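Taken from TrEMBL, the feature signal peptide covers 1-22. What TrEMBL lists as domain 'Cadherin' is 80-160, 161-269, 270-384, 385-489, 489-603. Under the heading transmembrane segment, TrEMBL lists 603-634.
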Amino acid sequence: MTTQQVLLLLLLWMWLPHPCHTEMLFRRTPDLRPKSFGGRASGNDGKAVHRQKRGWMWNQFFLLEEYTGSDYQYVGKLHSDQDKGDGSLKYILSGDGAGTLFIIDEKTGDIHATRRIDREEKAFYTLRAQAINRRTLRPVEPESEFVIKIHDINDNEPTFPEEIYTASVPEMSVVGTSVVQVTANDADDPSYGNSARIIYSILQGQPYFSVEPETGIIRTALPNMNRENREQYQVVIQAKDMGGQMGGLSGTTTVNITLTDVNDNPPRFPQSTIHLRVPESSPVGTAIGSVKATDADTGKNAEVEYRIIDGDGTDMFDIVTQKDTQEGILTVRKPLDYETRRLYTLKVEAENTHVDPRFYYLGPFKDTTIVKISVEDVDEPPIFSRSSYLFEVHEDIELGTIIGTVMARDPDSASSPIRFSLDRHTDLDRIFNIHSGNGSIYTSKPLDREVSQWHNLSVIASEINNPKDTTRVPVYVRILDVNDNAPQFAVFYDTFVCENARAGQLIQTISAVDKDDPLGGQKFFFSLAAVNPNFTVQDNEDNTARILTRRNGFSRHEISTYLLPVVISDNDYPIQSSTGTLTIRVCACDSQGNMQSCNAEALLLPAGLSTGALVAILLCIIILLVIVVLFAALKRQRKKEPLILSKEDIRDNIVSYNDEGGGEEDTQAFDIGTLRNPAAIEEKKLRRDIIPETLFVPRRTPSAPDNTDVRDFINQRLKEHDTDPSAPPYDSLATYAYEGNDSIAESLSSLESGTTEGDQNYDYLREWGPRFNKLAEMYGGGESDKDTL
């Protein structure tokens, strides 16, 4: 027989049930006390010594698990040496599973298992056995304890804690790199046979990975495994008991292994040359395009830093690395000019920021590309020669004087002519003007530094061919001071002199102000316009002066007020001076010089006029006024009054007659037929709207001949109305109904002014005098104003 056949028979024998024939033998004892053996021994006292023996001969019971028979499984047999086979003894079983799992035959002592036992649930059972007399129920032997051990069979396959494991290992790892360890568990008894001895093997995943049979550690089996070629692997591991021998039970698990990335790939530009375009008008900081190098790695291993390492545009462009997209963004660093340079060439480098020293041999981990940037022409607005202009001018210059010139040019190759204009929002008073062709700024109104010291203008330059392209530049005009203002008193002075003043007494200190602002500062001189016998001026030489008296005593009764002209002059060129008059009142003062009274009442009392006399004079004046008013009223009543009186004042209202005219049938009104037929002149009728003072016979005007011209007739009637004292103006209207010949001035309407071709010359308006200056400015302001408006 071969070795395999022997092993197979051995396994079959192990699966078959084998009853255990174990007997417990009892020694013969007459009662519960142990009996002595037949042999004797003498002691020192001469008494016989009996040897005590045990009544139970004890052995363990063994039972195979997973019994599959139809009968109860026989475990063993208990037997006492006092059992004579007559049925007088009764065997009792107690302990783990007694009566349920294990039962005993009371007469024979045979023990059976009632059901299949699983060692993995419980490996042994502890029971107690006893033999008693059936009649007296007294034990014939002491109770003894025994154990039933369950022998293991290979009935459990190895199992893994996880059904699927996940693991990772860096790519390019050397052979034998540990990936993960898997461990299987077997519920069989490891101390009995090989049922729990597990051996690991790999069923799927070769030749990339291997597993250690004893430990279950999975290791790499191939060198230089590249994540970029394959990233995921699935490995199936088998765990088999019985030491991996045939007939052993097995279990499997799946391990998903991922190759993690390492920086083993350098960045690469997909193109060796990249072309970009940018308009010349792009402001600084504008993004003009991007470059990107591809890297097969992921995460931080694929991070790239871009830089410009060479080229003729290194100072004109910058490159910024975009972290989220790993792109290099090219931006404008300085203003571009198509007319200056149209093409730039850059050499851009991309380099990994995290390089693994283990893979230096795969390097270098960087790449370069050529970027060519073409500058596109754009119709640019004019460019001024300066960013701002500052002009200084004296305030006394003549009108039309040029204060400065701004210059601008068209940066385009076409070089279109430039037109200049002023933004009138910055010169609302139209003090300045600009020549549209050469940019000369000149004055159109007088300047006054005291009104405005600075003028902030805005000059607009536009291309004649493309007026929409405009550029503005600020122009600051500073008005320089000229001594054109005379100094004046700083404040109004209320000056008085005491009647008891003495000569040389100070009565007032005066100072002056000047609107001008000379470079050397203000300096004023004070003097009197003429020699004054009463007062004098003393200059303090600090822009102040003192007013002093020249005599003793003043009298309000003689002169109550003195007027003192003071001349104030400055020291600038040309010297400006003015005369200010001080009003000095004469007042009564106390001994300390404090003013008490300056009223005129003291002057009236010495003339002998009392208060009653003053009242009488006032009453007389009032009476005279009343008489004059009454006389004027009576004289007004004597004038003619209109027949139709209104209840309201006719000076402020229109009198409403509420009378509708009779049309052509109304012969009482003015007869228009007279104009058509001068011969049909009726007699003059009396006016009905006033009361005539006297009745007089109207003069009859001679009839005009039939061929008399209407113009002569109207002139004649006009002369009559001028000489007639009762003729209008009243409330009637004299109608002449004669238009006359055409005017030599032709039509004065402005409706046809738009039909004239070309611009009209309104320079003659300046010759008509100062009243037409405003009109001359509006229509004769020059080209600059037209352009600006």
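Even glycines carry a Cβ here, placed using N, Cα and C.
Heads up, TrEMBL stuff is auto-annotated, nobody curated it.
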Would you mind splitting the domain 'Cadherin' (270-384) into helix, strand and coil residue counts from DSSP?
10 helix, 56 strand, 49 coil
Just give the helix, strand and coil counts over the domain 'Cadherin' (385-489), going by DSSP.
3 helix, 47 strand, 55 coil
DSSP helix/strand/coil residue counts for the domain 'Cadherin' (161-269):
3 helix, 46 strand, 60 coil
As a quick check of your reading of DSSP, tell me how many residues in the domain 'Cadherin' (80-160) are helical, how many are strand and how many are coil.
0 helix, 35 strand, 46 coil
When the pLDDT values for the domain 'Cadherin' (270-384) are averaged, what is the result?
92
